[in-house]
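What follows is a set of notes on a single structure, which appears directly below.
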Amino acid sequence: MKEFHLLLFHGGSILPECILILGLILLLMIDLTSDQKDTPWLYFISLTSLVMSITVLLFRWREEPTISFLGNFQTSNFNKIFRFLILLCSTLCIPLSVEYIKCAEMAITEFLLFLLTAALGGMVLCGANDLVTIFVALECFSLCSYLLSGYTKRDVRSNEATMKYLLMGGASSSILVYGFSWLYGLSGGEIELQEVVNGLINTQMYNSPGILIALISITVGIGFKLSLVPFHQWTPDVYEGSPTPVVAFLSVTSKVAASALATRIFDIIFYFSSNEWHLLLEILAILSMILGNLIAITQTSMKRMLAYSSMSQIGYIIIGIIAGDSKNGYASMITYMLFYIFMNLGTFACIVLFGLRTGTDNIRDYAGLYTKDPFSAFSLALCLLSLGGIPPLAGFFGKLYLFWCGWQAGLYLLVSIGPFMSVISIYYYLKIIKLLMTERNKEITPHVQNYRGSPSSFISKNSIELSMIVCVTASTTLGIAMNPIIAIAQDTLF
């Protein structure tokens, strides 16, 4: 009865999550009661639950911050925007999966269940207000990620990727919990974030060596989720071996959820150790920007190249987290993250479509794609240019605002390295675009020469192209009209 009363009185704070849970229950009921799987209904229920969750979240945007469920969950504009970003990622990723699931003959219901459950775990993680809820939500997200990455069981590379992801993910989670245990002990047995801080003050342990151990352990655990160098070893293999729609989903949702977690933990619990965690994140951001971009140049696989590119992108986002003491710091991080979602998912939409038509992931095999599919080639080129930060695309304005906020916060070294690494990233993006646009018959591979759409998959192909159009449009136009986005982001301080 106690749990029922808690849900009755505090259920409004997690109404978007409750809608997702209802969608999950409906999916299970349809799967159990229907002999012949009604595929359109499964996709419709998944997308409807996500869209309804977004709608409810937006309608409750201006509500006062509240702490509910006996201090386990906090609702504020800050975590609402991260929950919105996770829902947006999930909504855009489902259309990418339609034809892929059909061609790979994957089980539809289980795929959608894992995807929605991962989104649910990420949303709870964004609002979790105590160490136990943080860990449970993180593991909910992580376990679904492991299952999704190994969903094509007959693919040896997928199995290898899942095993590496599972082992390294388990190790990072244990290190994270080790850091939490230090906080629990040093604070006198507190688990709520603000109570941990109060406990550290009461026990006068906020500057003790144990806090440094906790800081390093938690940074390692979060660094794994963010794919920060040197905790990135799992990323290239998981990107290359996992189903491409899954990679698209994980490449953005894991970063959104982990960024929300990092921002709240570092800013609240380690408030007295700000110099130490600033230094740690600066080192990780510099390593990620430099190594991510330099190694990406040498890659021959498109997905592996995007894996290393994503490491450099999170290095840029870290600038906003470090500069987050100012109002503009968090706004720049959130704004660039929104742009990154569209740029990255637009790129993966093109890769999904090309992979289904040709069965290859090699960068060299994209040569001459413009001659066969101008729309996909042009869309891919725009998304890559936006990732590189070419004006007047959204990526340019996002990076410009991010670097400007970093400079205002005194992060001169990071802001000096960031633009230089962006120029390097433009180099390997332009190499791909040059291949896309070539019309020389000698360079065009048989994959592109035999490239053709499948007439029987008109609807499913349109679903991929719908996501592609939305992402490409956002990647090209959002930067020009970014003032309202910045104003909303500035309103998300906790």
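Placed from the backbone N, Cα and C atoms, the Cβ positions cover glycine too.
Values in this document were obtained by computation on a predicted structure and should not be read as measured data.
What TrEMBL records for 1-99 is domain 'NAD(P)H-quinone oxidoreductase subunit 2 N-terminal'. The average pLDDT computed for the domain 'NAD(P)H-quinone oxidoreductase subunit 2 N-terminal' (1-99) is 80.
The transmembrane segment feature in TrEMBL is assigned to 6-29 (among others).
Summarising the annotation, TrEMBL assigns transmembrane segment to 41-61 (among others).
Taken from TrEMBL, the feature transmembrane segment covers 81-101 (among others). Sequence-distant neighbours of the transmembrane segment (81-101) (same chain, 6+ residues past either end, Cβ-Cβ under 8 Å): 16, 43, 46-47, 50-51, 53-54, 57-58, 108, 111-112, 115-116, 119, 122-123, 126-127, 243-245, 248-249, 252-253, 256-257, 259-260, 334, 337-338, 341, 345, 348-349, 352, 356, 457, 459-461, 463-464, 466-467, 470-471, 488-489, 492.
What TrEMBL lists as transmembrane segment is 108-125 (among others).
What TrEMBL lists as domain 'NADH:quinone oxidoreductase/Mrp antiporter transmembrane' is 128-425.
Within the chain carrying the transmembrane segment (131-151), a Cβ under 8 angstroms from the stretch's Cβ atoms is held by residues 72-73, 106, 110-111, 114-115, 117-118, 120-122, 124-125, 158-159, 161-163, 165-166, 169, 173, 176-177, 180, 183-184, 191, 193, 196, 225, 238, 241-243, 246, 249-250, 253-254, 257, 261, 265, all 6 or more beyond its ends. Taken from TrEMBL, the feature transmembrane segment applies to 131-151 (among others).
Sequence annotations record features per position, and here TrEMBL assigns transmembrane segment to 163-185 (among others). Same-chain residues lying 6 or more positions outside the transmembrane segment (163-185) and placing a CB less than 8 Å from one of its CB atoms are 131, 134-135, 138-139, 142, 145-146, 149-150, 191, 196, 200, 210-211, 213-218, 220-225, 231, 233-234, 237-238, 269.
The feature transmembrane segment is assigned by TrEMBL to 205-226 (among others).
Under the heading transmembrane segment, TrEMBL lists 277-298 (among others). Outside the transmembrane segment (277-298), and at least 6 residues removed from its termini, the chain residues within Cβ reach (under 8 Å) are 215-216, 219, 223, 227-230, 232, 266, 270, 305, 308-316, 318-319, 321-322, 411, 413-414, 417-418, 421, 424-425, 427-428.
Remote same-chain partners of the transmembrane segment (305-324), defined as residues 6 or more beyond its termini with a Cβ less than 8 Å from a stretch Cβ, comprise 226-229, 232, 235-236, 238-240, 247, 251, 255, 259, 262-263, 266-267, 278, 281-282, 284-289, 291-293, 295-296, 299, 330, 332-334, 336-337, 340, 344, 347-348, 351, 363, 387, 399, 402-403, 405-406, 408-409, 411, 414-415, 418, 421-422, 425, 428, 432. Taken from TrEMBL, the feature transmembrane segment covers 305-324 (among others).
What TrEMBL records for 377-397 (among others) is transmembrane segment.
TrEMBL lists 409-430 (among others) with the feature transmembrane segment.
The transmembrane segment annotation in TrEMBL covers 466-489 (among others).
With DSSP states grouped into helix (H, G, I), strand (E, B) and coil, the domain 'NAD(P)H-quinone oxidoreductase subunit 2 N-terminal' (1-99) comes out at 76 helix, 6 strand, 17 coil.
For the transmembrane segment (466-489), the partner stretch with the highest count of Cβ pairs under 8 angstroms, out of 41-61, 108-125, 377-397, is 377-397.
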